[in-house]
Structure formats: structure tokens, C-alpha cells
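**Student:** What follows is a single structure, and I will ask about it in a moment.
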Amino acid sequence: MSAKEKFASLSPAEFFKRNPELAGFPNPARALYQTVRELIENSLDATDVHGILPNIKITIDLIDESRQIYKVNVVDNGIGIPPQEVPNAFGRVLYSSKYVNRQTRGMYGLGVKAAVLYSQMHQDKPIEIETSPVNSKRLYTFKLKIDINKNEPIIVERGSVENNTGFHGTSVAISIPGDWPKAKSRIYEYIKRTYIITPYAEFIFKDPEGNVTYYPRLTNKIPKPPQEVKPHPYGVDREEIKIMINNLKRDYTIKEFLMSEFQSIGDTTADKILELVGLRPNKKVKNLTEEEITRLVETFKKYEDFRSPSADSLSVIGEDLIELGLKKIFNPDFTASITRKPKAYQGHPFIVEAGIAFGGSIPVGEEPIVLRYANKIPLIYDEKSDVIWKVVEELDWKRYGIESDQYQMVVMVHLCSTKIPYKSAGKESIAEVEDIEKEIKNALMEVARKLKLYLSEKRKEQEAKKKLLAYLKYVPEVSRSLAIFLASGNKELVPKYQGEIVEGLFKLISKKLDLINIEEYRKVYKVDSE
């Protein structure tokens, strides 16, 4: 007879401590990268979302060479964190300010806490936080750990000092085992790609080797921040409606509930919905049965006349900033970008943006350089499993003037949504949702058409140059004949006139063709005044 089974529950902290790879911490190299990423994303959400031009300083120091322990410190000038929220914000898994119906870089209330858990598994130093909210006269300091069994913060140390400098923002330092040589290229690439789409930010990065990289602010223009909106009927399920009902502050009728708590439902639409469900408009919403809630959700899914979800909850990068970032980093000959109109999937609004850069200083490769972004987060790992890569790979680039397998091109795609369909909690690749895939393809085709037009005009220009340059071989004969005609028999004037005619013709051709060194062409065609 088999032994009796033992049953037990796990706290969220214990679950992710046992399964760190699910949160993007499978090994020291990835853990170091993921820690940097999570802290930078928190800093950006604390700045640009609130209309603050980001100043972000990232430092990685090797503090224990024998054990390869690194200290990652990120400092921002954001809104800061209320001191009463700091312990839970950093010490309770699945506790977050990002459980709202608007676009955020974070989603799960997991990121930085996963770094703390990984840190605790391998060394004993607590996470260190310094923060001062906007207009606060105090600077608050904390040292924290996580009680893994209880999923609660352990406050190792806390204090506050007078804030005499007017500083507002947050500094977070985490000591973590890492592999800098293996993580180095990914971390540098992540910061560079973040800068491409946030050219309004300033980044200073000091790596463990002592190298300092400065990314200057290129503009003071910040994209419109996302606004929190009510849920769309298409995007809710039974349990979400039950939670909404339980959280109501007053005793609504079902019609009042529909009109006040959802977007896209006005008086007429509410009446139509309730008629389809078979509910009286004046029935108290808290008296709904389980079966009635089920019918309501099913009606939501089938109803075809809802307005599309509001895009106010989204924040795009914008075409100007996309091209500004691409030009700064890649120095191309050509850039184009597009911000598509809002669409929706499963009741969640989304917008696709695309950019393309061609030629110039872009290195030639067998594949284009693909920059993937989701809610303004660069996606560095798992590239080939992402829907963006799938669309780029399947697009017939030859139709758009790319005639060889040697690409000198950067392709950028940004997806923003209130719900990004990531393949895992590590947030590195986007799933193949049909509506999203279609929009990505449409966006890329649109910028590809702009590239095709540019390449077509460039080829026509080159052909025109060839034809005009072909006429150079006639310059000596034509200039001499004109000089003889103008000299009217005075042979001494012929060289003078011929020289003036040659110079005039070459100035005209040089201006017409925008040639920098016309002398090289004079040597080729042996055109000199006599």
C-alpha cells in the first residue's frame, strides 16, 4: 500500500523561488541582465509616465570576485515611492501599482521581487532602497528581504534623513550573482535599444570594468502618457465582473452598473444588452445569480455593436521620436516610420508602430537588424520565437527594392497594449495573436513602401548621373569650339575662353549632381583648359 499523500500550499514567493526561470532568472548571466532591465523599467515608469524627463544612472560593480557577486544600482529622478508602500513594493510578490487598465511597462508585480528572491538564494545582503517622493522634505532609506514562506517583507533596517537638496526619485541597489562577460553584450544592447525609443531620456551607465557610457537627451518632447480607463465589455470574464461588483461603493442597479463601470456602454446599449440577457434594468447588481452573470458575459462576447476600446490607455512613441532615435544610433541614409490607428483584440486596445532605417553606417548582414519592443520595453532574448520576427522573416523584401540577401537595414516594431500577450512571465517574446500579427504586417508593409519609393528615386538619380557624366567626354571638344567662336579669330583668347567655359560647365554639372569632388571626374575624362 502506498504512503499517504501529503498536501501543502506554496506562497507566490516560494513558487518563484523554486521556479526562477519562469521570471527570467535561469542562470547568473540572464539574472544580471534581468535585474538591470527590471530596475530601468521601474525608473522609466516613475518618470516619463508622469511627465518627468528621465535622468537615469546605472552602475554595476563587482563586489565579491571569488563568488562573482555584482551590485546593481539604478537611480532615477522620478516621483518616488510613498514610504509606507516601500516594504510591500519590494518585498511582497504580486504586489504592484501596475494592476490598472492602462499601458505599463510592468505587468505582474513580479520583476524586481524576482531579483530579490534570486539574490536571497545566493547571498545574504538585503536590497537597499532610498526614495523621496516629489515635494517631500525627507529621504527615506530601507534595507529589505522577503519572508518566502509568508510572502511578506522583512524590514532589516529603515530610517530617514532631511532632504536638503530637493531631490525626488528612487535609488535601488541589489546584490546578485552574475556573469558579466556573458551578460555584457545583452546589457549594453538593452540600454542602447531603450535609448532609441526614449531619446528624451538621459542615461549614464558605468559597467564593472569602469567604462562609462553617456547617452545624452536629444529632445524634451515626451509622448502623451497613458490614462487609466474602464474595462471594455469584450475583455472581461465572470470572475472579473464578480470582483467589480464586490468592490462597488454604492448599491447600483444592473443598468447603472453597466453604464458607470464599463466603456462603450451608454443608455441605449445598456438597454439592448439587458434585453438580450433577459434582465430587468432596475435589478440590483449585487443580487445577480451566478447563471445571470454567465449569461451577461456570453452576451458581451456575442454583441457586435460595441465601439472599439478607447486608446486613451495607451502611449505610443510617435513617428518623430522613432526616427530621431534611429538616426542617432545608426546614422542611416534613410528612415521612415508609422504609427497605426488603434485596434483591439479580446477587448484590449493595441497600437502597432514601425520604423525602418537603411544604408549609411548600418552594417551589412544576411538578415536585417530587428528591434522588438512591447510597451516601450526592448525585447532582447528569444528573438526567433516572437511574432514580430515571424512577420519580418515572411515579408517579401524584394518587392520593396531589397534585391539581394545582403541587408543594410534596421527594422523596428513597437506593440503597445493594456495586455501584451507575452509567451512567459520573462516578457521576452510576443505570442502569435492573429489580429496583432496582421497589424504588424500592415505597419511593416507601410514603411517598406516608403523605402521602396526612396530606393526607386535613388536609382533614377544614379541613372541620371551616369547619363550626365557620359557627356563629360564631349566637354573638351565643345568648349574648344565655343572658345574659337567667341575669340573671333583671335587665337590668343581661345585658351582663356576655353578655360572659362570648362569651369562654367563643371560648376553647373557639379551643382546639378551634387558632386563633392568634381576634380576626380575631370581627371577621368581628361578635361582641362589649354
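Cβ from N, Cα, C; glycine included.
Pulled these features from Swiss-Prot for this protein:
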type    : residues                                                                                           : note
BINDING : Asn42, Asp76, Ser97, Lys98, Gly106, Met107, Tyr108, Gly109, Leu110, Gly111, Val112, Lys113, Lys427 : ATP binding site
**Student:** Where does Val112 (ATP binding site) sit in the DSSP three-state scheme?
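**Tutor:** Going by the DSSP assignment, Val112 (ATP binding site) falls within a helical segment, counted as helix.
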**Student:** With H, G and I counted as helix, E and B as strand and the rest as coil, say where DSSP puts Lys427 (ATP binding site).
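**Tutor:** For Lys427 (ATP binding site) - judged by DSSP and reduced to three states - the answer is coil.
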**Student:** Give the three-state DSSP assignment (helix, strand or coil) for Asn42 (ATP binding site).
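**Tutor:** Going by the DSSP assignment, Asn42 (ATP binding site) falls within a helical segment, counted as helix.
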**Student:** Per 10 Å Cβ neighbour count, which of the binding-site residues Asn42, Leu110, Val112, Lys427 ranks highest?
**Tutor:** Lys427
